[in-house]
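Take a look at the structure set out below.
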Amino acid sequence: MASSPIGTCTTASSLTQSISCVGCTELVKSDFNHTVQLKALPVPTAKLKSCIGTLKKLMPSFVKLASIVEGPDAGTKLALMDPKLLDRRQSLLNQAELAHLAEFGVNLGDKLQADQLETRTVAVTYEHYSLSAVLDRLLPPNTQLSSFSVVGHIAHFNLKEEVLPYGQLIGQVVISKLPNIRTVVNKRSQINNEYRNFELELLAGEPNYVTLHKEYGLEFELDFSKVYWNSRLSTEHHRVVEKLRPGDLVFDLCAGVGPFAVPALKLGATVFANDLNPTAHSYLEANLRRNLRKSQLISQPELVKAFNMDAREFVAGVLAPRYAEAVASGFEQQVVAIANLPGMAVDLLDCFVGCVKELLTPEVAKSAPPVRIFAYSFLRHGDTGGSRGEAEAALIGRICDRLAGGVQPCDIRLRFVRDVATNKDMYCAEIRCPASLLAASSCCRPSAVCDGIDDQTASKKPRLA
């Protein structure tokens, strides 16, 4: 479960009582106890399966009630209808749907009046309401409540300022409605440190941030308060790993707890994974062991190595020599590098230029396999007047600059990953990096093109996780 939508809280349904909770900090479930009056529409038992899809449009949807109950005899069931929706059936159902129901003995024609049907009084309690329906009735009308992410037993919100006063109440509701959730937190700060974690506020539940998260059949143990994890990227993790094949050589520069490295290793690739955060590195090693058979780790220990170092040092000290060894041995499969650090990964790319110049001759590099780089980046557009297309072109230009002209725009494929915020998106740049660039002894551009670039980029060599 990557994320759960909530949406905009609206006014209460005509069948429910309005519950005011301005300033509330505690959930009172008894406030939801009330009764509703529903209309019992007779439906032939034998025809129920054929009709139920259409009839659902007229049933109350705000609560989880038994909408089909026993009728007066074995051949009849009663479908419980919302009277307001039943009166509007001519606008809610098209003529084909009305005719379809009539064929099965359910007549909802113009002559039918709701008051001609039996009224059933149904008791409604808190347990009948869905999570979104509860919040819909507790929060002020038109409150914008964003979706939340689920990481193991933790529900993670990023609440807007106007919703913060209701944070604890929201947390109590989430725990009461989702049995697998034991901890609800709110993100209190942006990611602004070298380990990529952020400050958490406990909204409800136990202050236990060590959890076991499952993604595409694999298990990841992590401490959500000390490492970076984003469940919304599960599809992206899977998409990249699907491009790999057994035997590929994979270098994960900013591996975190292993969302790319673990499935790549499980697939049969040889993986070298790194993270600067010592806590993330510990969980990375544990997750690699957790998801592989012990016999495989013993018989093929060379398939995986985990490192705890700066990403630039990892490229120079691990990627470069391993790549050179692979070239010397006649390696013919993919060589892949993953840099999942959207705020800084593009600035990291310059460390690939000349990284094997002491290990490979230019002549050998001509026939060596390229490195396929997956570099993630945030892309801002719109707020400064530039279009998305202009922002994409600028990003491609930055990548070419950081790689010193060793790649052309045609070597770069940009792919949208997800919306992050207004006018801010996350992209993946898939770059075909030729071996000649890795072995270059100097800038790959003509000297005239390079004038001024060194001054601009010399200071952009951040320490990266």
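From the backbone N, Cα and C atoms, a Cβ is placed for every residue, glycine too.
Computed from a predicted structure; not experimentally measured.
Feature list (source: TrEMBL):
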| type | residues | note |
| --- | --- | --- |
| BINDING | H237, D275, L276, D310, A311, N340 | S-adenosyl-L-methionine binding site |
| DOMAIN | 148-435 | domain 'SAM-dependent methyltransferase TRM5/TYW2-type' |
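Location within the structure of each feature annotated in TrEMBL.
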residue: H237; record: S-adenosyl-L-methionine binding site; DSSP (3 states): helix
residue: D275; record: S-adenosyl-L-methionine binding site; DSSP (3 states): coil
residue: D310; record: S-adenosyl-L-methionine binding site; DSSP (3 states): coil
residue: N340; record: S-adenosyl-L-methionine binding site; DSSP (3 states): coil
Binding-site residues compared (D275, D310) - the one with the fewest other Cβ atoms within 10 Å: D310
Least buried by Cβ count (within 10 Å) of the binding-site residues L276, A311: L276
Among H237, D275, L276, D310, A311, N340, the record's S-adenosyl-L-methionine binders - longest CA distance, Å: 22
Cβ contacts of H237 (S-adenosyl-L-methionine binding site) (under 8 Å, same chain, 6 or more positions away): E215, Y216, P259, F260, P263
Chain-internal residues, separated by at least six, CB under 8 A from N340 (S-adenosyl-L-methionine binding site): D252, L253, C254, G256, F260, F374, Y376
